[in-house]
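Q: Here's a structure for you.
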């Protein structure tokens with residue numbers, strides 16, 4: 001856990017530095033390098049935070065994963081609102097021709113939320129003149145807002161005696177029993193609970209232990225199949241989140257809907273708002289409902305929503321209703337799939353890395369694919385692509401359930417021993 005916390009500290013501090021540096025980048029190549037560093041840092045935070053929640057809380061991790069991803073959606077909803085006061089309604093460079101061009105540009109402000117503005121080639125944008133933008137302040141404010149995060153992680157390192165220079169006087173924030181939420185039978189048998197410590201610490205002390213080849217020796221076909229199908233489900237569902245939020249604005253302003261730019265600009269915000277609402281609702285729901293059931297509701301809901309969007313493709317009202325519905329159904333897909341897959345694989349945390357990577361690749365690839373198809377085939381293909389991705393997500397989920405039934409269950413002897421060994425294993429790892 002010490003390696004994970006150090007990586008979280010470095011990554012979160014790097015994000016604040018990147019946001020502070022971005023306004024100072026005056027060359028596109030430098031900006032690309034800085035953005036690549038930010039992407040690496042965010043990928044580390046995403047993977048490590050999910051993996052450690054799974055390893056620490058195990059069967060109770062579904063609730064904490066839902067809470068984690070609620071804040072992910074909340075940040076995605078809040079950050080454009082922070083930046084909005086600093087975005088110009090006109091071109092950011094003043095010149096003699098700006099007055100004629102600026103009247104056509106208010107919709108650019110709205111298109112910055114979905115990150116993919118439409119075809120702007122027919123607008124005259126002056127490239128020379130006095131720069132009047134104040135967008136730099138938005139980046140610096142975001143850098144300051146993020147700064148308490150690395151400070152908090154460093155404080156946790158200090159309190160858990162993981163900082164070499166300051167490990168003598170601090171006391172751990174949480175004891176072992178406070179971290180373990182599972183019921184531990186046989187508390188009086190102290191020797192059996194403490195004996196496994198040296199053995200388990202060796203197996204879980206390395207951040208990259210999942211990548212070691214010895215972990216795959218003797219693994220069954222279903223072991224790999226569960227990883228692959230779970231990653232493919234998230235490839236599709238997270239890819240839908242990326243492509244829908246990125247292109248719903250462009251789809252709305254084109255024929256046949258031809259929604260005015262100001263109204264269409266609310267669609268991505270509505271989508272992310274209902275994703276955030278859905279993740280908030282999923283926190284108490286995940287306490288009562290199995291992750292597998294929640295994932296089933298997610299993929300079926302996405303499929304039905306896209307089908308209705310295709311049927312009522314000429315209705316602006318249903319586009320807003322469908323956008324809200326899609327946000328609700330996609331909201332808990334990621335954390336529920338992590339909890340479901342790790343439940344199958346006995347909470348070793350290795351599947352989390354595969355699933356997070358699959359989701360990230362899907363979000364990147366499907367946006368590129370859908371953008372190319374819309375450019376070639378027209379705006380209607382936007383919904384057709386969503387329907388196809390929804391069908392594929394449901395298919396991969398069905399395969400995952402099939403491989404889950406084939407996956408060998410742990411022996412009863414291990415089941416009886418695991419509650420006693422699980423708590424010291426996690427607690428010892430957490431405290432050291």
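Count begins at 1; order follows the chain as displayed.
The backbone N, Cα and C atoms fix where each Cβ goes, glycine too.
Nobody curates TrEMBL annotations by hand; they come from automatic prediction.
What TrEMBL records for this protein is below:
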- 30-49: transmembrane segment (TRANSMEM)
- 61-82: transmembrane segment (TRANSMEM)
- 137-158: transmembrane segment (TRANSMEM)
- 221-241: transmembrane segment (TRANSMEM)
- 263-281: transmembrane segment (TRANSMEM)
- 293-312: transmembrane segment (TRANSMEM)
- 318-340: transmembrane segment (TRANSMEM)
- 352-374: transmembrane segment (TRANSMEM)
- 380-403: transmembrane segment (TRANSMEM)
- 411-432: region 'Disordered' (REGION)
Q: Should anything in the same chain at least six residues away from the transmembrane segment (352-374) have a Cβ under 8 Å from its Cβ atoms, list it; otherwise answer none.
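A: Answer is 43, 46-47, 50-51, 54, 116, 210, 227, 230-232, 234-243, 246-247, 250-251, 334, 337-338, 341-342, 381-382, 385, 389.
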Q: Most CB pairs under 8 Å with the transmembrane segment (61-82): which of 30-49, 221-241, 293-312, 318-340, 380-403?
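A: Ranking 30-49, 221-241, 293-312, 318-340, 380-403 by Cβ pairs under 8 Å to the transmembrane segment (61-82) puts 318-340 first.
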Q: Residue list, the transmembrane segment (293-312) vs rest of chain: Cβ under 8 Å, 6 or more residues beyond ends.
A: 233, 237, 240, 282, 285-286, 318-319, 322, 325-326, 328-330, 332-333, 336-337, 340, 383-384, 386-387, 390-391, 393-394, 397
Q: Can you work out whether the transmembrane segment (221-241) touches the transmembrane segment (30-49), with the criterion being 3+ CB pairs under 8 Å where the paired residues are 6 or more apart along the chain?
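A: Touching, no - the transmembrane segment (221-241) and the transmembrane segment (30-49) miss the threshold of 3 or more Cβ pairs under 8 Å.
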Q: Should anything in the same chain at least six residues away from the transmembrane segment (318-340) have a Cβ under 8 Å from its Cβ atoms, list it; otherwise answer none.
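A: Those are 50, 54, 61-62, 65-66, 68-69, 73, 230, 233-234, 237-238, 240-241, 244, 248, 252, 257, 259, 267, 270-279, 281-282, 285-286, 290-292, 294-295, 297-299, 301-302, 305-306, 308-309, 312, 351-352, 355-356, 359, 400, in sequence order.
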